[in-house]
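Visitor: Following this message is one structure expressed as structure tokens.
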Amino acid sequence: QNEEKWDFVLVSNIHEMGSEKEIKRKKFLDELSKKGFTIKKIEDTKLFYGVRAPQHIFRKYQCLLRNPDSRQQNSNAHHDVPVTTRIRIVHFILQNTVTSDLEKLRDLMKKKVFEAAFPLHEKEEVREFLKEKWARWRVMFKQQPIEKIRCYFGEKVALYFAWLGWYTYLLVFAALAGLVTVVAGTTVFSSSQVSKEICDANTTIMCPLCDQKCPFWVLSDTCTYAKVTHMIDNEATVVFAMFMAIWATVFLELWKRERATVVTDWDLYGWDEEEEELALELINNLQHEPRLYQHSYFRSTIVLILVLLMIVVLIGIAHALVVYRVVAMALFTQSHLELLREHANTMAVMTGAVLHYITIVIMTKVRSHTGSRALLPFLEKPRTFSQRENSFTMKIFTFQFFTNFSSLIYIAFFLGRINGHPGHYVRIAGRWRLEECHPSGCITDLFIQMGIIMLLKQTISNIMEYLIPWISHHLRKKRKRPKKRSMMLGEEEEAEDPCKRQWLNNYELNEVNVFSLFNEFLEMVIQYSFTTIFVAAFPLAPLLALLNNIIEIHMDAIKMMRLHRRMVPRKANDIGIWLQVLEAIGILAVIGNGLVIAITSDFIPVQVYKYMYSPCSRENRTGMDCSTGYINNSLSVFRIQDFEPHTSVPDMLQEFDGDQIKEYRDYRNADDYTYTVQFWHIFAARLAFLILFEHVALCVKLIAAWYIPDVPQKVKNKFLGKKHTNLCKELRWVLPWEV
């Protein structure tokens, strides 16, 4: 039975004898044979080559690193070398074996000499356990068997699931806080003084929302929208934003502790990736010379310019979405459908959000099919695979971040602030005027945009992520095999070989690549960004993320165990550069939420009004709500005769005269439309709040980071005891007269 264990399988098309591809294939297999590899060929519709490494390779590995992973389970009779370690070593040798034509396996696969190379899902105890106790929907709420995952997929995958499980667990607290915030908002749904004033403002006439065919309208028409806005935009939101800033820090600090405990149990706390890679290079080639570190300011400058160009392109796409919303708003307001006319602003926001989601999907596909994986690393020439992966991670995360957030940044901080005022609107191409905020504020637009994108990403994207591999796998399985072909000269037919069915079953699974796990991490980190950065505008984000992650963990498990070929295990003792990305997102979350409350929210203007302009500021009225009169105070007067010449002034509403029309969310003088003193008071208060909020939040983050040690005491004490024991052993070798 032991003889039928194979480390890797290479798959090739059946080429004609003497063809260039057949000669290249033979040269590569000959090189493997020279290194002592056992090779077994099985012929079906393709040629399958089973590859098994000689034992001396693994003995070299054990001697070089003095860490045979003896504690890890799932080690069979191969001299106690775990299967994951065997696969990793063999994969490295296969990828770095050079033929006489100076070609590696990667080059041969590009030239279609080989079609695939993969380790096998074998019928072993650990796999059966994971299929039954992990990769099933019915065990959705049970704890993950991280140790078993490590034994089968290696440390890198195990740490991903450990991190995802920890993130999901702590999301429970964030989701509850978000839920409490929304519930607190619903209690003031109808009782908010500000929304009451909007609902009662049936004599306040507002300026038309577009230049042609848009009527004057009554402020009270937006009563429901105002109630929804103040359900999100209230004092509880400020507290929740501060809570989420602390939560992000506590999550990362607790993860560092969890990671330290886990990798200590695996004896990998002090593991050196560079030493591991050098050892594998020497095992593959004793004459190997280490590749030296290189740095070129010229290359770095080119990379920086390319990254900046990429960001400019993504900002350009965000501008295109802005143009769409402006044009859509103009078209909807002129529609023959009454429903579309009345809700033109909301429809423009919602269709803009859907278009933004489609843009995200398209740009993600573009990213995955472009040569960015090859181009930028080629320019930078990273020394190790880990450095290449880190470089790639930073650039692709930047790409995805701007793809996802550029439109949200516009809505949060620019919408309604750069559009001018009646009589002097800012226009696109001199024709379409920029959007205004809703009379009750811009935060609802941000709420709608985030809600739609998160819901679509977590439904359609996840369904496609699961269905495409599932359909692909079943289509490959159902392809009819051709009848047995006549044997070619010099080839043996092994139709009844017990390995044949197993190799075919593995070949029929979906392909995995070195970036498969990267894509899973990227998806989760982008979700973490949504959950933290603009969470003040969308308190339900943590709840949606929690529900998504419960499904995501087991969907990923099912894909890895049942739908995809086995991943090549990778050794790791942390989640790599993703931790630094998460810490950067934590800082962006403080800045983002501070800006949302200071700029997007109506929180600051209301507070300024309460303490400087309300009746409460002039006399002591204990029985009055101090925000009484806020709406009327926040509207500026506009004279109809000052409309721009090409604006089609609509007929005045019945029962109203046309002397004065008011516009919302601006503080301008009635005579010359310059900003009032109150505008500058609010502006100063916004800046003061932003500085105060960010400094307090960052101080609290620093205190939390100091208060929670990165490494638990038991881990430190374990290493202390180990060092002491090792020193005592060394002393025993010292002769008595030398002591």
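Numbering starts at 1 and runs along the chain as displayed.
Just so it is clear, glycine is given a Cβ too, placed from its N, Cα and C backbone atoms.
Remember, predicted model here, so these are calculated numbers, not experimental data.
Quick paste of what TrEMBL says about this protein:
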DOMAIN    84-146  domain 'Anoctamin dimerisation'
DOMAIN    149-718  domain 'Anoctamin transmembrane'
TRANSMEM  157-184  transmembrane segment
TRANSMEM  236-255  transmembrane segment
TRANSMEM  301-324  transmembrane segment
TRANSMEM  344-363  transmembrane segment
TRANSMEM  396-415  transmembrane segment
TRANSMEM  525-551  transmembrane segment
TRANSMEM  572-599  transmembrane segment
TRANSMEM  683-708  transmembrane segment
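Are these features on the surface or tucked inside, and what touches them?
Guide: Per-residue confidence over the domain 'Anoctamin dimerisation' (84-146) averages 88 (mean pLDDT, predicted model).
Here the transmembrane segment (396-415) has Cβ contacts under 8 Å with residues 307, 310-311, 314-315, 317-318, 321-322, 352, 356, 359-360, 363-364, 367, 372, 435, 437, 442, 445-446, 449-450, 453, 518, 522, 525-526, 529-530, 533-534, 537, 581, 592, 595-596, 599-600 of the same chain, all six or more residues outside its ends.
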Visitor: So which of 344-363, 525-551, 683-708 has the most C-beta pairs under 8 Å when paired with the transmembrane segment (157-184)?
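Guide: The listed stretch sharing the most Cβ pairs with the transmembrane segment (157-184) is 525-551.
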Visitor: Counting Cβ pairs under 8 Å that are 6 or more apart in sequence, does the total for the transmembrane segment (683-708) and the transmembrane segment (525-551) reach three or more?
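Guide: Result for the transmembrane segment (683-708) with the transmembrane segment (525-551) is no.
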Visitor: DSSP on the domain 'Anoctamin dimerisation' (84-146): how many residues come out helix, how many strand, how many coil?
Guide: 32 helix, 3 strand, 28 coil
